[in-house]
Amino acid sequence: MNRKSLLIAGLTTALLAACGSDSDSAPAPTPTVPETTVPKNVIFFLGDGMGLTTMTAARIYSVGEDGDLTMDTLPETAFVKTFSNDAQVTDSAPSMAAYMTGVKMNNEVVSMSQDTKAVDPVVDSAGNRLGNNCGANNGTPATTLLELAKAQGLGTGVVSTARVTHATPAATYSHICHRDLENDIAAALVPGATGYNSALGSNGLDVIMGGGSQFFKPAKDGGRRADGRDLVAELKAKNYAVASNTAELTAIDGTKTDKLLALFTSSHMSYDLDRDPAKEPSLADMTTKAMDVLARNGKGYFLMVEGGRIDHALHETTAKKALQDTVAFDNAIKAAIAKAKVTDPDLKNTLIVVTADHDHTLVLNGYAKRTGKTAAGNAGVLGVVKNYVTGEADKDLDGAPYSIIGFGNGENRVQASRAGQASLDDNATSANTYHQEAAVRMGVGSETHGGTDVFLGAIGKGADTFSGTIDNTRVFSLVKNAAGL
Ligand SMILES: [Zn+2]
């Protein structure tokens, strides 16, 4: 309910009270449902790197300038400041950790106190992360929303298209001085075993779903664990149902499953544009499966869902992949809202929050003529800028066309004059693998995050407490209070 509806509801109640609704003036007892019998659910959606320009571009790409993504329809919105404790521009670890813990920490630190220093892990020549260099007196764990939910006996789960040990999901269930320590982060998930995060109670998370099996498997089985442990086998022994492809996931009836571990790929899952649906499910299907499992807990649940690869496509400056992954993320939000409404039609007991952890440097150039959505034969927002009067390609000072989407920095920078780009057209710029041009030249895959505030949208229980421009640490308190965690 937004403020206006609340006001109207309040006014109606007052009027009814003043008029008297029947001859009996004694007030009717207010029917109350005992708090403990009502499940309370929180679904926290995080679009990694999904800045406002990426959201706008994804809207045009998917439904045209005048269409709406599901994210556009969320009734409550806010802007979020994302700077970290030591940096104007954050990485995913401290920004997600700020949402999860309310503590502003240093770049690369995962859900630890503010004084924690990020220390790179020991890495061998093959890039294997051998050991934890954090040091004995380097900060203390900061309690997360997921841990608070766990402490109340709620169900808990993480779903990501990235590795489930990557910074964003890691910040919900682990505490460590550096995000690259993914072997340690994976070990935090195995109840009772070495390295387990005991704040996850005696039985751990109920749902773990995404990519990244390499940090669960020993080196001899193609994994990257130097300690020889097989965490998939260990979790199986702890009664987790295990899936590794779409068919296996489909075969698992979530409504009859208490624990689910689904790791579909060795590293990150595929970009949605490249995804083989027989091998890897959509983020929407993963999300609704997780909701089935978690709904078995009568007290409710806390679920984190990450669109993890929007960020990676932006680092690579392949806009089409980033926009398609943003649409896949939006589809997951749509599916989650629809599913939640089946049992909670007005979302009175379900809070759904959608936000991003940081911006990137994607921009929309020029005064482009409206393109409508991208479809066969129409590049849409992925095309070159066309004059809104003549429909002809607009040219830069060097006489060359330029794409609507560009980047502040990235790998495709034309050195010197762009005159050689005279033949640039929609076919070139809308290709799946096209790297949009950048103002500042960087190495391959090294486009940076941006420091602009990000969008937050919310719907359901307590959603109307999100408004204005807020610090990322404030999101923690708002979710905690709205959900009663
Ligand atoms: Zn990120």
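Every residue, even glycine, has its Cβ placed from backbone N, Cα and C.
TrEMBL does not curate its annotations; it predicts them automatically.
DSSP assigns S92 (active site, phosphoserine intermediate) to a helix. Residues near S92 (active site, phosphoserine intermediate) in space but far in sequence (CB under 8 A, at least 6 apart, same chain), listed by position: D48, G49, H166, A167, T168, A171, R179, D311, D357, H358. As annotated by TrEMBL, active site, phosphoserine intermediate applies to S92.
Taking all protein chains in view, 23 other C-beta atoms sit within 10 angstroms of the C-beta of H449 (Zn(2+) binding site). TrEMBL lists D48, D311, H315, D357, H358, H449 with the feature Zn(2+) binding site.
H166 (Mg(2+) binding site) carries neither a helix nor a strand DSSP state and counts as coil. TrEMBL lists D48, H166, T168, E306 with the feature Mg(2+) binding site.
Feature annotation from TrEMBL assigns signal peptide to 1-17.
Taken residue by residue with DSSP, D311 (Zn(2+) binding site) is part of a helix. According to DSSP, D357 (Zn(2+) binding site) sits in a coil region rather than a helix or strand. The Zn(2+) site is defined by D48, D311, H315, D357, H358, H449, and by the 8 Å test on Cβ atoms against their centroid, the other residues of the chain that qualify are G49, M50, D91, S92, I310, L314, A356, D359, H360. D48, D311, D357 are the binding-site residues among D48, E306, D311, D357 whose C-beta comes within less than 6 Å of an atom of ligand 1, given in sequence order. H449 (Zn(2+) binding site) falls within a strand when secondary structure is assigned with DSSP.
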